[in-house]
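Below you'll find the structure, written out as structure tokens, and then a few comments.
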């Protein structure tokens, strides 16, 4: 296999592994919660089997060996010779975590946690009554095939027919590369399609071409299952085995489950009679994972194992897909952003000339504006992905911490299908992991302490995502002890972060945990105590154009909230004027705009101002003062009511409201430096640069902001 080909196939394999691991985690969670069916077991088995088969193509021996034992135990579960108890489910969950670690090791290298792998491997062998494989002679050169193949010996001849569909080539697959790769697996002859049209007449969209591949290998045909899995969505692949000789076992290789290829030491287990088989595995009632699931009705009887009569099942029609490298999509997004800017410039210029006599030109501009918006939304949809891919990693984090800290915990996931820009998703894993560590170590009490407080022995952490306007809110909430403000303040004074005479609000004290180097842990452990974590979270979220806030109820629990933009490329905004400068307010924060009269405002003793609106007082903040804009005051009688998400409604005093428009975000931090109260910049239709305001940060830090906020919030 050529080096470039191997790298291409490995990239595809690891991409497929990511999807398979997410699916495996889901299925194991269902089994642990007691809500799984035989279909769930089969899906988990197929995921492990596919990972093992793909690993065999590249010789990832550690991954192959572990996946083989894991698969063998899963096959015993699906054949109902191994009862699915809570203890069994817990071992399977740990095995799912380890196989994910092995995939990461195969992809990224680094140190392999051999002790952990061997411990879980031993648990699986004990569970399935399997023995460790015997040592191999040193002179026996291993081939890059599955472990059971190395132990079976023998010689296999078989053929594979491949009929490509109309989207085979457009899915990024190359038949020539595939054939080259198969030479390492015993490919001896390739029979091309019987009839091939002249080159000029070949229709790449048509598909339908069939190749026959003959193999002479020391590995059975089943060893190539994982290799061909990456092509099955775009081709029909059939394995043709030679007819068994007279007197041979009629149950040929294709009939045996992959577990039949287990080491010779594994005992053979007879399948129970169909009528004695239960309708589904015994429901596991363990805690932890994704929250308690109802053990609802199963789907299928004893024939769910697949031994019943032949009933062809119609496969669901899969949508065609195309793999595209992210840099290409980023380039497309940037080009769309430039189109949006150009369209805004054209609209601005046309508004400055008299077009009343040319209605067609006005209609054309409106049509271009609408189509530009649709183009932008379509491109953004390409980059959007569910947060599920990140959320599915978190149960493993909680389980590991639960074992380390000796605390029982239950993670509940919600809003997994909430979509966010893919560049945001890639950066979420680290902040979420830090927050879960904080909740597990500092938030949740020990099991005995929780019982003494009248709480459930098992702590609950809820990880949720939801859309709110043009932003997505990710929250991590626990039912633990909350932040001990007295202890935090004492520690902050001890470290010199605040002076003893300073008067801090409860929110100010809570936010001290985001200070670099701050920790209330009495001693350093493998989990916490070094003061590194929450400040990293805040900085990471800020680089994504978001913010991190918290709500603390001492004795009841703590809730972190991460607010992120749906996309880092474009923004719906409202253009305002302060002095001679123009700024952009995110439209998702704007509630209403109104002109205010003198009798609507009142001055406070502490120097702040408030505005009376429909029966309530709102803090009134002058953007001229908050932004330190110099120059003559024009009007300053326009108030923009905004939602700060954490501090409620606030009225911002501006000189003029220009209007609503869609703008392209440009990073201020990447081109200049980070400025508190400013989330980015954009280019307006007239070519001027306007700053995009971060309303919550502006309200927290602007002059005159704190006085009104302290009085009414």
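Just so you know, glycine gets a Cβ as well, placed from its N, Cα and C.
According to TrEMBL, the features are:
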COMPBIAS  244-284  compositional bias 'Low complexity'
COMPBIAS  285-307  compositional bias 'Gly residues'
COMPBIAS  308-317  compositional bias 'Basic and acidic residues'
DOMAIN    2-106  domain 'HPt'
DOMAIN    317-568  domain 'Histidine kinase'
DOMAIN    570-704  domain 'CheW-like'
MOD_RES   49  phosphohistidine
REGION    244-317  region 'Disordered'
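Residue 49 (phosphohistidine) falls within a helical segment according to DSSP. Under DSSP, residues within the domain 'CheW-like' (570-704) fall into helix, strand and coil as 21 helix, 69 strand, 45 coil. In the domain 'HPt' (2-106), the DSSP tally of helix, strand and coil residues is 90 helix, 0 strand, 15 coil. Mean pLDDT for the domain 'Histidine kinase' (317-568) in this predicted model: 82.
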